[in-house]
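Student: I am attaching a structure below and will ask some questions about it afterwards.
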Amino acid sequence: MNSLGGIRSWPANWRSTTASMTTTESVRKVPQVLTVAGSDSGAGAGIQADLKVCAARGVYCASVITAVTAQNTRGVQSVHLLPPEFISEQLKSVLSDFEFDVVKTGMLPSTEIVEVLLQNLSDFPVRALVVDPVMVSTSGHVLAGSSILSIFRERLLPIADIITPNVKEASALLDGFRIETVAEMRSAAKSLHEMGPRFVLVKGGDLPDSSDSVDVYFDGKEFHELRSPRIATRNTHGTGCTLASCIAAELAKGSSMLSAVKVAKRFVDNALDYSKDIVIGSGMQGPFDHFFGLKKDPQSSRCSIFNPDDLFLYAVTDSRMNKKWNRSIVDALKAAIEGGATIIQLREKEAETREFLEEAKACIDICRSHGVSLLINDRIDIALACDADGVHVGQSDMPVDLVRSLLGPDKIIGVSCKTPEQAHQAWKDGADYIGSGGVFPTNTKANNRTIGLDGLKEVCEASKLPVVAIGGIGISNAGSVMQIDAPNLKGVAVVSALFDQDCVLTQAKKLHKTLKESKRGI
């Protein structure tokens, strides 16, 4: 083993010679992430958080340490930078051996260290680079000097696929630009995008006077505001590292950028929610549990990729309607999502299993590319086979508790409920949301008893879960449904109002507009 200052001479054919030791027939590809960051002795952030996140998301993670910190829940007491020569040795060691899908950077506390990283990334290209410009922690601790701002702007940001600054870091990168509102976050994201990264995510978790946690995502053309309720907890140490590492892990698994960002935000939200009452350390900012998804309590780990606001415009497909209008399920799905559908349920009553599976795989590709969840109606086997985001089951289908045991804690499970008793049972069994109805008469389901607006409100009041209304809902009555004064009513599910129409895109836009207007009127 070399000393810290020693540099090993690596043979040019190092990777190719070792790769020949494994036959192609025996290879099973494992998603791989490299994190280049500082060590946190308290283990809530930095390298330690990165390793835990990747393990929790099912991704292999290697590490290169740039600095060693002395810190705990009370703050950062000291920072020791490792010699750039030794950091280069670490980088060469892992980059010459592993085939990383994504490199994620955290604390890069000197220009020399950034230079070393840039040189090694030039020598060993990777598919994606996630840059978390760790300069100011959420708690306000300064972790990097101002001298590296120029090299970040001029050299690192232009090669990044995504950067994930908090508002303080975004302000520093923009020469002190003031960021105190969502509008200013949007302006900052646009200005940062002009520096070269393909995507920008400005994190607003510490935005002053905001009841929500709001992150602004910008792809160069469109803005996405990713909102979630602010969670009251002291255990927020390492949220930025966790978010960036989760994005890297999802990218390594093949997700689109928007989908990776959405999954990462929900992962952090649910980790914070699960950990809000734990006590580790005596300081003001504690760590949280990255492995909440492994806990046995079905209530403790639900919704790891589920945001109740995704129920807003819930599109349920119908193959017969698509055939009637001479369009494929893929075309129908694209139009619905582009028009504003926020979640998709694939319902197929006619196709054989193999045909249904191929259809589901095609739909998964469309949904993931747009960051929209896909649920399978009834068929647990299809959901497992295509790795859908979840399922929706009825009262006569497989019991929810058994579905949860088969799918695990990460998948979304919805269940149809007509009564308060059914709604209560859905919560106990581990469902994530309730589909309640039919609210009005409908032709899409035979002999379906309607419950009306009063019945819908009763279910909402009895439920601890978010609710989506379904049954006979369209542009003419969607507003009245959303105005029944039930805070946990998150949206409407539609079938014929979308898919039994000449233009799915136009109808989706109209429905989305109607729902937004009704929500503002509440």
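Along the chain as shown, the residues are counted starting at 1.
Cβ coordinates come from backbone N, Cα and C, glycine included.
Sharing the features that Swiss-Prot gives for it:
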TRANSIT   1-36  transit peptide
BINDING   Gln345, Leu346, Arg347, Glu348, Lys349, Asn377, Ser416, Lys445  4-amino-2-methyl-5-(diphosphooxymethyl)pyrimidine binding site
BINDING   Asp378, Asp397  Mg(2+) binding site
Student: Three states by DSSP: which one describes Glu348 (4-amino-2-methyl-5-(diphosphooxymethyl)pyrimidine binding site)?
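Tutor: Reduced to three states, the DSSP call for Glu348 (4-amino-2-methyl-5-(diphosphooxymethyl)pyrimidine binding site) is coil.
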Student: What is the Cβ neighbour count of Gln345 (4-amino-2-methyl-5-(diphosphooxymethyl)pyrimidine binding site) at a 10 Å cut-off, with all protein chains included?
Tutor: 23
Student: Across all chains shown, how many C-beta atoms besides its own are within 10 angstroms of the C-beta of Ser416 (4-amino-2-methyl-5-(diphosphooxymethyl)pyrimidine binding site)?
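Tutor: Its Cβ has 21 other Cβ atoms within 10 Å.
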Student: Can you tell me how many other Cβ atoms are located within 10 Å of the Cβ belonging to Glu348 (4-amino-2-methyl-5-(diphosphooxymethyl)pyrimidine binding site)?
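Tutor: There are 22 of them.
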Student: By a simple count, how many Cβ atoms lie within 10 Å of the Cβ of Asp378 (Mg(2+) binding site), its own Cβ left out?
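Tutor: Its Cβ shell of radius 10 Å holds 17 other Cβ atoms.
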Student: Reduced to three states, what secondary structure does DSSP give Asp397 (Mg(2+) binding site)?
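Tutor: Where Asp397 (Mg(2+) binding site) sits, the three-state DSSP reduction gives coil.
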Student: How far is it from Leu346 (4-amino-2-methyl-5-(diphosphooxymethyl)pyrimidine binding site) to Asp378 (Mg(2+) binding site), counting Cα to Cα, in Å?
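Tutor: That comes out at 10 Å between the alpha carbons.
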Student: Taking the Cβ of Leu346 (4-amino-2-methyl-5-(diphosphooxymethyl)pyrimidine binding site) as centre, how many other Cβ atoms lie within 10 Å?
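Tutor: There are 28 of them.
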Student: What's the CA to CA span in angstrom from Ser416 (4-amino-2-methyl-5-(diphosphooxymethyl)pyrimidine binding site) over to Asp397 (Mg(2+) binding site)?
Tutor: 10
Student: Asp378 (Mg(2+) binding site) to Arg347 (4-amino-2-methyl-5-(diphosphooxymethyl)pyrimidine binding site): how many Å between their Cα atoms?
Tutor: 8
Student: Among the binding-site residues listed here, Arg347, Lys349, which has the most company in the form of other Cβ atoms within 10 Å of its Cβ?
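Tutor: Most Cβ neighbours within 10 Å: Arg347.
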Student: In Å, rounded, how far does the Cα of Asn377 (4-amino-2-methyl-5-(diphosphooxymethyl)pyrimidine binding site) sit from the Cα of Asp397 (Mg(2+) binding site)?
Tutor: 10
Student: Which state, by DSSP, holds Ser416 (4-amino-2-methyl-5-(diphosphooxymethyl)pyrimidine binding site): helix, strand or coil?
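Tutor: It is in a strand.
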